[in-house]
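Notes follow the structure.
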Amino acid sequence: MKSRPICSVIPPYILHRIIANGTDEQRHCAQQTLMHVQSLMVSHHPRPEPHEKLPAGQANRSIHDAEQQQQLPGKLVRAEGQPSNGDIAVDEAYSYLGVTYDFFWKIFQRNSLDAEGLPLAGTVHYGQDYQNAFWNGQQMVFGDGDGKIFNRFTIALDVVAHELTHGITENEAGLIYFRQSGALNESLSDVFGSMVKQYHLGQTTEQADWLIGAELLADGIHGMGLRSMSHPGTAYDDELLGIDPQPSHMNEYVNTREDNGGVHLNSGIPNRAFYLAAIALGGHSWEKAGRIWYDTLCDKTLPQNADFEIFARHTIQHAAKRFNHTVADIVQQSWETVGVEVRQEFL
């Protein structure tokens, strides 16, 4: 069965900063998480097992409790339609899996991650003070954080939607998780994660904060969130975490072997391109910009190793196809503003 690398929320560069600057306890916790993240990034888990095509329009959720262990999926504590068990992490995971499902169904008529009604499983309380959340190709997994650097990872709707979007990308574009195609993979998860949050809050592009993981940073950490889509590189400036290193323009592109070729770093460039397009097009982000990016994600001619220019070209073409050339020009200008030039002969 075909398999994909596992994608996690907290990038290695943040964990490295904690290891360098934290207390003994913080360093140990971050080291354990980093070792696990590194094993995840080279691990390949199989896709979910085949399932019956389920009725559209209704999520099929199951939430499990790992009870601070690392065995998956853990103890089933809430199935679809069951009431709360009083555990806030269980309730948040259950709710946000549902919100994400509803967004993709109501906006894009997509029946779960595989478009066939894939059941959505989540495991909470994974590991001891585990500083991450991840999609392993089959389910969502949430750590509790330590409460001093990171809060529980179920607290942020956009982070939940970010990880679930990796499942959609696996089923559609299958973007290789390395260098620019990997940064696009990460960016798509930020794009749709942000849109799910905006949709849930009823926000326009002007009202949105365009932050990823704003709720994750614990009190005392000097920052707004994990990433800023509007101004990459400005999300945090903290004694422990350092300064947000994301680039916002191709002239700042980071060439590195770390983090699968900088997938969490260089995603800032396409993130800002989407933000600029969404702001210029106005209204709700999912009405035009989001529709264009979704069409591109589902375009079978998009190569798995697409770089920024190839992806940009596809968004411009889909903007013209679904809307008009005025919209396409706005999308093209958004890419050019971040230094991604699309040669005219390819348009």
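Here the Cβ of each residue, glycine as well, is placed from N, Cα and C on the backbone.
As given in Swiss-Prot:
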type: SIGNAL; residues: 1-20; note: signal peptide
type: REGION; residues: 43-68; note: region 'Disordered'
type: BINDING; residues: H162, H166, E186; note: Zn(2+) binding site
type: ACT_SITE; residues: E163; note: active site
type: ACT_SITE; residues: H264; note: active site, proton donor
Ask   = E186 (Zn(2+) binding site) to E163 (active site): how many Å between their Cα atoms?
value = 9
Request  = Take the Cβ of E186 (Zn(2+) binding site) and count every other Cβ within 10 Å, whichever protein chain it belongs to.
outcome  = 29
Request  = Show, in sequence order, which residues other than H162, H166, E186 on the same chain lie with their Cβ within 8 Å of the centre of the Cβ atoms of the Zn(2+) site.
outcome  = C7, V9, W135, E163, T165, T169, N185, L188, S189, D190, G193
Key: List of residues, in chain order, with Cβ under 8 A from that of E163 (active site) and at least 6 apart   = C7, V9, A133, F134, W135, M140, S189
Ask   = So which of the recorded positions is most packed in, judged by how many other Cβ atoms lie within 10 Å of its Cβ, out of H162, H264?
value = H162
Key: Rounded Cα separation (Å) that holds between the residue listed as 'active site, proton donor' and H162 (Zn(2+) binding site)   = 12
Remark   = Listed in sequence order, the residues of the same chain lying six or more positions from H166 (Zn(2+) binding site) whose CB sits under 8 Å from its CB are C7, W135, N185, S189
Note = Mapped onto three states, the DSSP assignment of H264 (active site, proton donor) reads helix
Message = Helix, strand or coil for H162 (Zn(2+) binding site)? Use DSSP.
response = helix
